[in-house]
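**Q** Before I ask anything, here is the structure I am working with.
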Amino acid sequence: MNPLRPVILAAAASPRLRRAVTGLPLTAGIVERFVAGETRAELIEVARTLLGSGRMVSVDFLGENTTDRAQADATVSEYLSLIAELSALKRPALPGITATPVEVSVKLSALGQALPGDGPAVAAANLRTLCAAAARADVWVSVDAEDHTTTAATVATVLAARAEFPWLGAVVQAYLHRAEADCRSLSGPDSRVRLCKGAYREPAEVAFQRAAEVTDSYLRCLEVLMRGAGYPMVATHDPVPIVAAEQLARETGRGPGGFEHQMLYGVREDKQRRLAAAGTAVRVYVPYGSQWYGYLTRRLAERPANLTFFLRALVSKS
């Protein structure tokens, strides 16, 4: 695991450092690698290009930990507009793949989960509003995972919402000790589960700390999902689980439409294109918006190569 990960994730929580970094003129050019723009119009152009290349998209309007009802309402409004515009995009012809090519990813904390008093109920109601609009527009929705303090509430909200929207996607972070159990509870018939390694700073009491332990947990979770009745979404750039997913697909008889690979916008573009060209379902997680600081720092913490790119860009632009 990246030895600088704890330092970088601590920086993600620092308002002072956030103000300093976001105020640097040179930062914008660096952010463009990982974020599709600050406006919906910029995002739509990126999504159109990705769809045109035979890849699918999952779009995240950046923002989290909302403690203001008006901000939660504004987030819902933005997502409703986003869903409408995504639904109008030309969709790629993907032989053997029946997955919906356009999806939005939402964080319950951005929908009001942390509001005092009735926050969880507000977030659940807002999620239902988005799912209803998405169903009419033939757009999928997945609920992003956040830090471990929200995991139980998020899983409960997703399971409740699936009574009406069984296609609602859930996200499991493999570094959590509870990940394998969550995969089993969330992966029933018609379900969709995105499996990622995990991007937050978590204590040893709830999460594996060593990279090898996280990878082992990912592989155990992957086997649960690939042998289960749902639709696995394999969200990683690590070649070990990518190869394992392909092997499990062959063993379980899953065709090209039986699961999908997911990768981040701006990371391993070459691998994304190769997988898509081979007829494999590939979805790119595409964030946009002005609240990019937390997202960017988590990307830097995940992979040393990302941090190297960031530091090199800082030097070259100084």
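Note that Cβ sites are derived from N, Cα and C of the backbone, with glycine treated the same way.
What TrEMBL records for 50-309 is domain 'Proline dehydrogenase'. Sequence annotations record features per position, and here TrEMBL assigns substrate binding site to K107, R298, R299. The FAD binding site feature in TrEMBL is assigned to Q173, K197, G198, A199, T236, H237.
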**Q** Within 10 Å of the Cβ of H237 (FAD binding site), how many other Cβ atoms are there?
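**A** There are 18 of them.
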**Q** By Cβ count within 10 Å, point out the most packed of the binding-site residues listed: Q173, T236.
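**A** The most densely surrounded of these binding-site residues is Q173.
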**Q** Which residue among the binding-site residues K107, K197, R298, R299 has the fewest other Cβ atoms within 10 Å of its Cβ, if you could check?
**A** R298
**Q** At the level of the C-alpha atoms, what whole-angstrom distance separates T236 (FAD binding site) and K107 (substrate binding site)?
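**A** Pair distance, Cα basis, whole Å: 19 Å.
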**Q** Give me the long-range Cβ neighbours of G198 (FAD binding site): same chain, 6+ apart, Cβ under 8 Å, in sequence order.
**A** A145, Q173, A174, Y175, L176, A207, V214
**Q** Roughly how many angstrom lie between the C-alpha atoms of H237 (FAD binding site) and R299 (substrate binding site)?
**A** 12
**Q** Please report how many Å separate the Cα atom of K197 (FAD binding site) from that of K107 (substrate binding site), as a whole number.
**A** 17
**Q** Between the Cα atoms of R299 (substrate binding site) and A199 (FAD binding site), find the distance and write it as a whole number of Å.
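**A** Taking the Cα atoms only, R299 (substrate binding site) lies 8 Å from A199 (FAD binding site).
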**Q** Could you measure the widest C-alpha to C-alpha distance across K107, R298, R299, the residues recorded as binding substrate, and give it to a whole number of angstrom?
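**A** Comparing all Cα pairs, the maximum is 17 Å.
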**Q** What kind of secondary structure is K197 (FAD binding site) part of, going by DSSP in three states?
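**A** Looking at the DSSP assignment, K197 (FAD binding site) belongs to neither helix nor strand, so coil.
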**Q** With an 8 Å cut-off on Cβ distance to the K107, R298, R299 Cβ center, who else from the chain surrounds the substrate site?
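**A** So the additional residues around the site are A199, P287, G294, Y295, L296, T297.
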**Q** Using DSSP with the three-state reduction, classify R299 (substrate binding site) as helix, strand or coil.
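**A** In three-state terms, R299 (substrate binding site) counts as helix.
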**Q** Can you check what DSSP calls Q173 (FAD binding site), collapsed to helix, strand or coil?
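**A** It is in a strand.
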**Q** Looking only at the domain 'Proline dehydrogenase' (50-309), report the model's average pLDDT.
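**A** So the average pLDDT across the domain 'Proline dehydrogenase' (50-309) works out to 95.
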**Q** Between R298 (substrate binding site) and A199 (FAD binding site), find the distance joining the two CA atoms and give it rounded to the nearest Å.
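**A** One finds 6 Å between the Cα atoms of these residues.
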